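For reference, Swiss-Prot has these:
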- 30-66: topological domain 'Extracellular' (TOPO_DOM)
- 31-51: region 'Disordered' (REGION)
- 36-51: compositional bias 'Basic and acidic residues' (COMPBIAS)
- 67-89: transmembrane segment (TRANSMEM)
- 98-117: transmembrane segment (TRANSMEM)
- 118-126: topological domain 'Extracellular' (TOPO_DOM)
- 127-144: transmembrane segment (TRANSMEM)
- 148-183: transmembrane segment (TRANSMEM)
- 184-196: topological domain 'Extracellular' (TOPO_DOM)
- 197-218: transmembrane segment (TRANSMEM)
- 221-252: transmembrane segment (TRANSMEM)
- 253-259: topological domain 'Extracellular' (TOPO_DOM)
- 260-294: transmembrane segment (TRANSMEM)
- 297-319: transmembrane segment (TRANSMEM)
- 322-338: transmembrane segment (TRANSMEM)
- 375-382: topological domain 'Extracellular' (TOPO_DOM)
- 383-404: transmembrane segment (TRANSMEM)
- 418-441: transmembrane segment (TRANSMEM)
- 442-448: topological domain 'Extracellular' (TOPO_DOM)
- 449-482: transmembrane segment (TRANSMEM)
- 740-760: region 'Disordered' (REGION)
Amino acid sequence: MGRNRSGCVARCVSLTALVLLLCCPVVRSSEAETDPDSHTEHGDSHGGSREGNDTGFQIVTFRWEHVQTPYVIALWILVASLGKIVFHLSEKVTSVVPESALLIVLGLILGGIVWAADHSASFTLTPTVFFFYLLPPIVLDAGYFMPNRHFFGNLGTILTYAVIGTVWNAATTGLSLYGVFLLGLMGDLKAGLLEFLLFGSLIAAVDPVAVLAVFEEVHVNEVLFIIVFGESLLNDAVTVVLYNVFNSFVEVGAGNVQGLDYFKGIVSFFVVSLGGTAVGIIFAFILSLVTRFTKHVRVIEPGFVFVISYLSYLTADMLSLSAILAITFCGICCQKYVKANLCEQSITTVRYAMKMLASGAETIIFMFLGISAVNPTIWTWNTAFILLTLVFISVYRVIGVVIQTWILNHYRVVQLEIIDQVVMSYGGLRGAVAFALVVLLDSNYVGERRLFVSTTIIVVYFTVIFQGLTIKPLVKWLKVKRSQHKEPLLNEKLHGRAFDHILSAIEDISGQIGHNYLRDKWTNFDRKYLSKIMMRKSAQISRDKILSVFRELNLKDAISYVSEGERKGSLAFIRSSSDVNVDFTGPRHSVVDSSVSAVLRESTSEVCLDMHAVENRAKSPKDREEIVTHHMLQQHLYKPRKRYRLNYSRHKLARSEGEKQDKEIFQRTMKKRLENFKPTKLGTNYTTKFRNMKKERAAKKKHSDAVPNGRLATHSVSFHVNKDSEVEDPADGGISFLITPASNDADETGTGIDNPSFSNEEDQSIYQMIPPWISNEETVIPSQRARLQIPRSPTNFRRLTPLQLSNRSIDAFLLADISDEHPLSFLPESSM
């Protein structure tokens, strides 16, 4: 195993070296393109050689400049992906070192190789590439898969940390650095108060990319994760406003700043944050409406999710609003309606494509953070400034978290403990957002731009590598509650919903408007108005809570039914419109025979619906002859070529055979279950029903064979199906099964299975039993009313209780009616 891994690593290293060798001519070619004189000379010499040696048409030519840019991009993506594969070959490494730290180290190595080969930093992470192409997929993935309940339940806490906490960190860091500078401990720097505040505003914000990369591997509990991650998303508005305000003040000059400008900065915060949120909500509404009408173009509907979400990001950035808030709330607000409108294939496509884009963008970001650092022209070292920056951002982060948490705990139901505060303080990671903002600074106005860039790179490396390495041992040492990735049980869902209703009722009665009250009002508003506008009608029905619970119980029924049948070795898993005989307990006498063939009713060693898989044992000579004939024909006859139906379509994806069978089984199951709901669903009038029963029984008495003692003859009831009969093919092209004639012998002991979901659970022998209080000598002729109401006795008392159609079903309890197909033989008729 070790040799295989070492060989794989060696191959990856050799491939990386090959990529770098291919990338080296890129810089030279780019330099040649930027230098017009050299390009002209090269063209002249090439033209002269062409004139001197005209060889005519060339079959193959090497045109590197033609494919240079896309080729290099594809190679870098390939290198980053291969590096990710190599990291995960060893679980010991990835369990200790975060993937983001490994990618930064890989970027440093590759950047060093490129610098040694070409002596120029030809590959760097530019702000344009980061903000327009790499950041949107990551934020969209975070918003689309956001746990809305936890997010909105802790929204007040998240906004407190995001707004007040970010302003606190930016102001205290900038003022503290400026105070130390005035003391003369940093040397001679070309910076004033506004420059230090500008640096504090860009270094204070918690980075969402870094938080996602580290905290997803730690697996802390949901509340702690959503608070830290929500803060990193929502502090973008504060970061953008502070950065733009102080950057404009620096460009204008400290002497030209007026008091009105500070007021405009405060107003711009609300405009940027609320405007970005509004843009995201509007585009989420548009996306939900568009996906409502994509029923006939299923193939392209996943594209609308990405295109419209990306347009929300670009629109907010065009209007100088918070683009991160726009695409975040676009994903949060549209996820419910989009998932309801899209088909299952499109939902899976969106899920995997979004995860792939986010993971790829995150990989490229951290790798290029390492590559960008290998550039001596951007480095300026100042030990005091760098070390004090690390100290101030860590100390003020702890102070801000402790003070804000102490205030918030007075209003929170679930308190944030000391352990949670330690993790929140330690989880203030900085990343590519700070690096991209500091690169955007203009060196003409900010004299210490190179020092700010160097310090930002050190801060990013320290928080991502050092804090990322130590946060997992810290969480284990503090015994922080971890998240449990499991689907909640149906019982937990029902109790949780009941508690929500109880809490909202308590808040309503007490007159207090809290989270539960607002959530209940929003749910009602969404159900009455929004869902009807942004969901198609079929999606509204399918998302009904009662039906969803019923579907889950049906799924559990089916799983237990199939698992029990496989354990018993039965093969009678046939869903048909006729009755199905399912009996896991063993052979018994059945009054009502099924329409399943005798061959299929035999027990076999595996579940198979083909005759040649049925074991040839305990069968009649005719059955054995049929099996032998089947084997002979299967093996020796000419097999014709299969004819495949053309399933290609530009607008639809053909469903597989398994999906068709699953759909057919579900439809037939629901058909049988819905038949049981007809009396209660359609509002059957039992008075009319009993009157019709009297008429039918009167007509039966005239045509029945009466015996001298006044009793009706007991008939053996069985269903007969013609030999050539078939179940109709379903509309969706599902499978069908041939039905062979049923046996007329009521004493036949079949080992098929009685499906409790389809067959009545009551004992059919009750119709043939004589009550113990009636002797053969004494026969009392009951009245007409007594004929409709059976006397209460231990034997038939269960007939008077509500009848549940399945011991694992949630079907409504129905009153047990007297079956018309089975006349009560123990009730004597009146003698004339």
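Cβ atoms here come from the backbone N, Cα and C positions, even for glycine.
Counting C-beta pairs under 8 angstroms (sequence separation of 6 or more), the transmembrane segment (221-252) reaches the transmembrane segment (418-441) with 3 or more such pairs.
Contact counts against the transmembrane segment (260-294), taken as Cβ pairs under 8 Å, peak for 322-338 among the stretches 67-89, 148-183, 322-338, 383-404, 449-482. Residues belonging to the topological domain 'Extracellular' (184-196) score a mean pLDDT of 86 in the model. Spatially, the transmembrane segment (98-117) is adjacent to the transmembrane segment (67-89); three or more Cβ-Cβ distances between them are under 8 Å for residues at least 6 apart in sequence. Cβ atoms under 8 Å from those of the topological domain 'Extracellular' (184-196) belong to residues 174-175, 177-178, 246, 249-250, 254, 382, 384-385, 388, 446-448, 451 of the same chain, restricted to positions at least 6 beyond its ends. Residues 192-194 of the same chain lie 6 or more positions beyond the ends of the topological domain 'Extracellular' (253-259) yet place their CB under 8 Å from a CB of it. Helix, strand and coil counts under DSSP for the topological domain 'Extracellular' (442-448) come to 0 helix, 0 strand, 7 coil.
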